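**Q** According to TrEMBL:
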type    : residues                                   : note
BINDING : Asn28, Leu30, Gly55, Glu77, Asp103, Asn122 : S-adenosyl-L-methionine binding site
DOMAIN  : 35-210                                     : domain 'Ribosomal RNA adenine methylase transferase N-terminal'
Amino acid sequence: MSTIDGLPPLRAVIAAHGLSAKKALGQNFLLDLNLTAKIARSAGDLTGADVLEIGPGPGGLTRGLLAEGARHVLAVEKDARCMAPLAEIAAAWPGRLEVVNADALEIDPLARLTPPIKVVANLPYNVGTELLVRWLTPPDWPPFWQSLTLMFQREVAERITAQPGGKAYGRLAILAQWRCEARIVMRLPPEAFTPPPKVASAVVQLTALPAPRFPADPGVLERVVAAAFNQRRKMLRASLKGLAPDIEDRLRMAGIAPTDRAEQLSIEAFCALARVLAS
Ligand code: SAM
């Protein structure tokens, strides 16, 4: 059977290298190269960009990224069994793919990448959320990356892109949307993966804005948002009382009713409150 890049189909790669999926590594593989090319396309124009891919596994998405023209792909994979199949892909695309056998939570791959940098990953969800929060809270803004294209459990994708007023709206939505354009670009049923996970998935595309939408100190904003949503059912005058003894006055100064609840507040209102609390 021929493929987009002349390499063997992924089922044959998995069989040849004995890559039985390991649950502990969250291995749910994408085997349809048309689908992985589509995910790669959802990251925008890759020509002229370096791509950081986390968790390439047998390389389905990696092959999509290379076929879509990525200038250079740096792929970080924890499972040593995947090194041989990934080396075959590197040989088919000379000089374009570099593979690192490491835990993405432990290494800093930045020195190996040249801007503009796009991050693309289909990762286990716990690792994905931890990395997302790190990528969204760098020491300086704009961050090292231009965009993040990440597969999540659908429920997490909905939390990242949620608007005020619903249950899904919380810390992740504010962290993501304060300084990024965030949207769901693709929804995938469990059967898209081998083996299928229990829940549906979605790809989220986050594009870094040159500056935050509204001014605020990131540390203060993070503390306000964490306190407000830790007790999301309470009125803000109660959930935030640990932040300032005169919290009711401060809320009013920021134009917020002390009886409002966290999920009613826009990002703009949270930023206004962070500014009042920092003054
Ligand atoms: N990208 C491949 C695909 O789409 O078919 C594999 C996706 S699979 C959901 C997740 C991959 O992330 C696995 O290959 C797994 O070994 C790898 N992985 C899990 N934890 C990791 C970590 N901490 N650092 C790097 N890779 C990790």
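For all residues, glycine too, the Cβ spot is worked out from N, Cα and C.
TrEMBL labels come from automatic prediction, so no person has curated them.
What you see is a predicted model, and the numbers here were worked out from it, not measured in a lab.
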**Q** What's the longest C-alpha separation between any two of Asn28, Leu30, Gly55, Glu77, Asp103, Asn122, the listed S-adenosyl-L-methionine-binding residues, in angstrom?
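**A** The span, Cα to Cα at its widest, is 20 Å.
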**Q** Output the one of Asn28, Asn122 that, of all these binding-site residues, has the highest number of other Cβ atoms within 10 Å of its Cβ.
**A** Asn122
**Q** Looking only at Cβ atoms, how many others are within 10 Å of the one on Gly55 (S-adenosyl-L-methionine binding site)?
**A** 24
**Q** Would you find the one among the binding-site residues Glu77, Asp103 whose Cβ has the most company, meaning other Cβ atoms within 10 Å?
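**A** Result for the most crowded candidate: Glu77.
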**Q** Ten-angstrom check, please: count other Cβ atoms within 10 Å of the Cβ of Leu30 (S-adenosyl-L-methionine binding site), all chains counted.
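**A** Within a 10 Å radius of the Cβ of Leu30 (S-adenosyl-L-methionine binding site) lie 21 other Cβ atoms.
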**Q** Quick one: mean pLDDT on the domain 'Ribosomal RNA adenine methylase transferase N-terminal' (35-210)?
**A** 97
